Amino acid sequence: MIPPSPVTLSAALGVVEFAATVAFAVSGLLAAANKRLDAVGVSVVAGVTAFGGGTLRDVLLDRRPFYWVEHAGWLWGLLLVCAGAMVLLRTRHFAVTRRALLWPDALGLGLFTANGAQLALDQGLPAVVCVLMGVITSVFGGVLRDVLCNDVPAAFSDHQPYAICSFIGGWVLLGMHAAGAPLLGALLATTVVTAALRLIAVRLDLALPPWNAGDER
Amino acid sequence: MIPPSPVTLSAALGVVEFAATVAFAVSGLLAAANKRLDAVGVSVVAGVTAFGGGTLRDVLLDRRPFYWVEHAGWLWGLLLVCAGAMVLLRTRHFAVTRRALLWPDALGLGLFTANGAQLALDQGLPAVVCVLMGVITSVFGGVLRDVLCNDVPAAFSDHQPYAICSFIGGWVLLGMHAAGAPLLGALLATTVVTAALRLIAVRLDLALPPWNAGDER
Amino acid sequence: MIPPSPVTLSAALGVVEFAATVAFAVSGLLAAANKRLDAVGVSVVAGVTAFGGGTLRDVLLDRRPFYWVEHAGWLWGLLLVCAGAMVLLRTRHFAVTRRALLWPDALGLGLFTANGAQLALDQGLPAVVCVLMGVITSVFGGVLRDVLCNDVPAAFSDHQPYAICSFIGGWVLLGMHAAGAPLLGALLATTVVTAALRLIAVRLDLALPPWNAGDER
């Protein structure tokens, strides 16, 4: 196998991070609008959902500059998306359903899992830490969103498989690298497996085991 | 224009940061006392409100030492202020009104906006990131305060202009630097504009547009 | 006095950090189980309680690698503990009482106080900052736990001495070093004093003064 050049690596990761960011911004914006925050609050929560997981990952990995510093133009993009959504939601009586959130959120989960685990792998961190960085990158944007909205994070309390899909997806990435798969293939497979697991779990209404046998859910 | 020497720059920023810290400590202390936290909780919340925004800014900009490490004496100052306020609030029946919080809070907002945006500018970051660092420095102390107090951050939900004043103030700083204004003038103008916008907005009872047309506020 | 070799220092601190981590993981796990989070949520909250204070300390002190990166095996240990506890709690009707949390929590408080203050001291930080780092290391794991569980942090609101025991313990460490005590003795004394203060305070039902005279508790 010919190792990918650093340029290819960087470009592939950049595309993955961009797509995941957009997916999460939309997911965060819709969730915050549902909470009836004001216009500033919706924009901030959308931004934190989009960039929070990646920023936490970068703080933990001591990476600089952040994605949103290197690509500062996307901050304008975020503001435009928020302003556009605001006009759209005002004029049409657009009902924001959980269903509408599902697809972009599953996609962002998969993309950030691949991105976070790959970046940790590039630093030579232990396998379990790489997988955990994928989970942190993909899940903690939503956790910060819920903390700002003063909710118990849905990822920890709704008994739907979410973080665990990212956890499994991270091991797919490590397994494919161990098997010598090309970088782009490994990133793509990780994204698809993670998102598919999430979508299947929701479709089949799978539930995590409750902590106590006596729990009503 | 003669560029300011590093010493002048450093001294000016130091004064700004000190004044903003005191203003926010008082604001945080009064808010926490209203929540009836215990003495430790009030001191911690006052400290987080005062130093939280600047510490988050320094973590994001990878700056060390923190303000409260470099000027460790101010930690003692904070404890003294808390102890003093505790005695004062116990002996007199001092009603802490929203009105009493308004002025120090608006001042802190303006001072930290100038300080945060200037520090990011010194690192050569893009304009929109500099403005955002001003907003993070000035607003996220209060956001952390509200998260610790288990409230939805007021900055995102009370429909009063707050973060947006900081956002506008940040552009004043960048505009004045682009126009070749002296450093101290730019810092002062930013502080005054931001604080004035906040005070005017509260006086005139301006409200951010609600997110949905159908929102009751 | 012969100064301890770096190896001894590192080993002693490692043992202290390990023991404190286990104590807090158990404490966090029991607390999260009480909140009826799902299996993922309990594991994450246990992990954040165990590693959160130390990770926040390392981010503030700009130390890398984190404890859980350097000793990645303990992440597996954490998952095993969570899985084991899950089975145990399901089969037996094990009532998790506040009493069961008291001892591991007090021990973790003491151990992390010693560890955090010592690490800050090694960086040559001012005395009050060292003491504060001990408090942050020992208390903020629990604060993050409560924030994730959407509670006002117990450390700030339950009027029981907790952070203040860590604060006093930190000064014991600094005092013993100033008096030329050996490293291990200073760490041990700090741990014992802090944990004992906490246990005595709970046993005697001591309460922090309420903030306002008019407060009912």
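Start at 1 and count along the chain as shown; that gives each residue its number.
The backbone N, Cα and C atoms fix where each Cβ goes, glycine too.
These come from TrEMBL:
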type     : residues  : note
DOMAIN   : C:16-87   : domain 'Glycine transporter'
DOMAIN   : C:103-177 : domain 'Glycine transporter'
TRANSMEM : C:12-32   : transmembrane segment
TRANSMEM : C:39-60   : transmembrane segment
TRANSMEM : C:72-89   : transmembrane segment
TRANSMEM : C:125-148 : transmembrane segment
To the transmembrane segment (C:39-60), which of C:12-32, C:72-89, C:125-148 is linked by the most Cβ pairs under 8 Å?
C:125-148
Model confidence over the domain 'Glycine transporter' (C:16-87), averaged pLDDT:
87
Going by DSSP assignments with H, G and I as helix and E and B as strand, what are the residue counts for the domain 'Glycine transporter' (C:103-177)?
61 helix, 0 strand, 14 coil
What does DSSP give as the helix, strand and coil breakdown of the domain 'Glycine transporter' (C:16-87)?
61 helix, 1 strand, 10 coil
